[in-house]
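Undergrad: Encoded as structure tokens, here's the structure I'll be asking about.
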Amino acid sequence: MKGDKKYIVAFLAPALLLISTFVYYPFLKSLYLSFYRTSGFFDKKFVGLDNYKRMFTDDLLGAATLHTLEIMLYTIVFQVGIALVLAVMVDNISKGKQFFRTVFFFPIVISGAAISLLFVLIYNYQFGMLNNAIAGLGLEKVLWLSETGSLKAVAVPTVWHYVGFYFILFLTAMSKIPADFYEAAKLEGISGIKKTTMLTIPLILSDIKVVLILAITGTLKVFDFVWILSRGQNGTEVLGTYMYKKALVDQNFGYGSTIAIYIVVFGLILSIITNRLLKREEITY
Amino acid sequence: MQQVNGVNTVPVERHRSGKRIPLGTLFMYVCLTLWALTTIYPMFWIINNSFKLSTDVMNDSFSIALSPVLTNYETAFDRINIGKAYANSLIMSGATVLLVLVCGGLAAYVLSRFKFRGRNALSSLLVATLLIPAFATVVPVYELLIEWGLVNKYWGLILPHTAGNLTFAILVMTAYMATIPKELEEAAFIDGCNRFNMFTRIFMPIARPVFASASIFVFLWSYNDLFSALIFVNKENVRPIVALLNEISSQYGTDFGLMASAVSLTVVPVLIVYLFIQKYIEKGMTEGAVKG
């Protein structure tokens, strides 16, 4: 159409301007800063790869990486696992489907901060919900946010929060499987667990892959739960909280940026690996 | 809670066999109900405790608040000014949604309808943008905001949040608008409609569903994002509710009643909205999965 060029520019401009200013430029600037030693905002000195060298010898970063990987393991096994089991079950029942959908999904809409605060009250040593219950049973109270158990304690709300999300993704995928697949299976006498493992799961494999990648990259962004429940102490430091502490609490922008770049690269590598491991033919109905 | 019991008492019968409830089905209902309890009971517990005095919460957090007190809510509004935090959250997340819809809608319209050089490159660039997490942009954004004097101002959170959500919104909206039949525009064009009117009169009304699900996703994401809020807007007069919750956990960590009421105040309104528009929220959130 005539005069379209004017509209193309005018319509794209606001969005591109915002994204460039607050995403592309800062991202490149982070990359740039990762080669500098900084103190405060204005004083910076080019140090080449020093920050990256420091990164490889930084034990705290190593620990944060391991903690993140541990949470990732729980996420893959429990979050995705529970979501899949629940979805299979809801797919197989006839009454109350909608009720379970509603109830399982609702933690998603609640902020991580509010859930963290809830778990502060649940885990509290003296008066928390868990120790209240334990004391009621006449057992000894447990220090939930201890030096050894904190990471697991933080992983629980992290896992719990998003189970419903993957549950819905799985359930949606299952509802797309044509009914005649199941009818054929029924004629063959396949039912129950066999039907699930031989028919349902293979058919939604591509969705399982998507969910796994989401779960893995999502774990790299864990921040709220760790920050509010333990401030990263007692062996719960994860990549997000460590980056926050270095860059914004210590105001070490150079090294903080290096960690941020590390998180991006780490996430890319993990998604590529997952993609490779789960490479399979796509199924179309 | 009643609903859970309701599910248990529903007579579950298999139509095809007409037999009693198979053991497998019963087992599934037990498992599902148990998981449902893990989501319902903590909410009930915290709302219940928010109506008790802190000392009562500490002594027995399981008892039902038969004579509810509003002390905690009074403290929440008077001492920590949770009302102000609420207003801040609504203003900032609301403005973010509006900006994303306007800027994103226009861009999506162009990407779905116009042919121009560099369009495919632009689309690929947008997809790649989804891989950049907030961690990788936060420091330079903070510098920019300081330079412009926007730290601890509403715009200090609105602008980064808008930019952070635009990419995802543009991609979702473009996909949807690409399915709108071209004949509509041609007819409008013959009637003398210009491009802008075409967008406001034809595209906006037809694309309402995708605007709705994008709004929901963007709103919830922005409303719940603690990381940016802690850095960009953590002063008392601009602080959104998530940052206030963080503050409560460090400053009032021993006031159980207050904490319970703060959590309830954050959660209950969202839950009520959720119950009404659950379908849209489910849709909006799962479409937003790519962004995460």
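Glycine residues also receive a Cβ, built from the backbone N, Cα and C atoms like all the rest.
For A:65-274, the entry in TrEMBL reads domain 'ABC transmembrane type-1'. Look at TrEMBL and you will find A:7-27, A:71-90, A:102-123, A:159-177, A:198-220, A:253-273 tagged as transmembrane segment.
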Undergrad: Kindly say whether the transmembrane segment (A:159-177) and the transmembrane segment (A:7-27) touch, using the definition of 3 or more Cβ pairs under 8 Å where each pair is 6 or more positions apart.
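TA: These two segments do not touch.
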Undergrad: Relative to the transmembrane segment (A:253-273), which of A:7-27, A:71-90, A:102-123, A:198-220 accounts for the most Cβ pairs at distances under 8 Å?
TA: A:198-220
Undergrad: What parts of the chain pack near the transmembrane segment (A:198-220), using Cβ distances under 8 Å and only residues at least 6 beyond its ends?
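TA: Distant Cβ neighbours of the transmembrane segment (A:198-220) are 68, 71-72, 75-76, 79-80, 83-84, 88, 91, 158, 162, 166, 169-170, 173-174, 177, 181-182, 185, 190, 239-240, 263, 266-267, 270-271, 274-275, 278, 280, 282-283.
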